[in-house]
Ligand SMILES: CC(C)(COP(=O)(O)OP(=O)(O)OC[C@H]1O[C@@H](n2cnc3c(N)ncnc32)[C@H](O)[C@@H]1OP(=O)(O)O)[C@@H](O)C(=O)NCCC(=O)NCCS
């Protein structure tokens, strides 16, 4: 009998058209409540997901809480529709004294059985590492990062 302990995954087609060799920070499917009456997903909903996706590598790099200080650029290149499966990729492009800048790209897998993938959004955001007092905090050096399992 197959149990969760001995289950072996069977080969499954990989998503096509997504950046190779990269792991998305988020994969989300917008629901009807995230769209206007025409079925286009609200830009504000996409911006919120981009902010969350960008904050994840920033939080790892900051080794703690961050606050979004600026949305430096934001381009909606193609519309997003209810039922698109969105993948959010986020790369740190700059680390300052207290700030971390992140480039976020969003791809939509549309009509998934036809494997139609389109880039829908790209944005650059800056986060600031903050302390419990919500004031800026120096971003630790890479060799100073402490992971929870090491604490
Ligand atoms: C984020 C916050 C703590 C920064 O405090 P601050 O006193 O304004 O910080 P500073 O002026 O010292 O700037 C901190 C860093 O942000 C950078 N920064 C500030 N404004 C920026 C902007 N408009 N664009 C890009 N970077 C900016 C600074 O260059 C500095 O980077 P560095 O230390 O790497 O050189 C404060 O502005 C704040 O609380 N803002 C509200 C945050 C928020 O509510 N976000 C939404 C929810 S997360």
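From the backbone N, Cα and C atoms, a Cβ is placed for every residue, glycine too.
Feature list (source: TrEMBL):
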- 1-21: region 'Disordered' (REGION)
- 20-133: domain 'HotDog ACOT-type' (DOMAIN)
Using DSSP, break the domain 'HotDog ACOT-type' (20-133) down into helix, strand and coil residues and give each count. 26 helix, 56 strand, 32 coil
Could you tell me the mean pLDDT over the domain 'HotDog ACOT-type' (20-133), as a whole number? 95
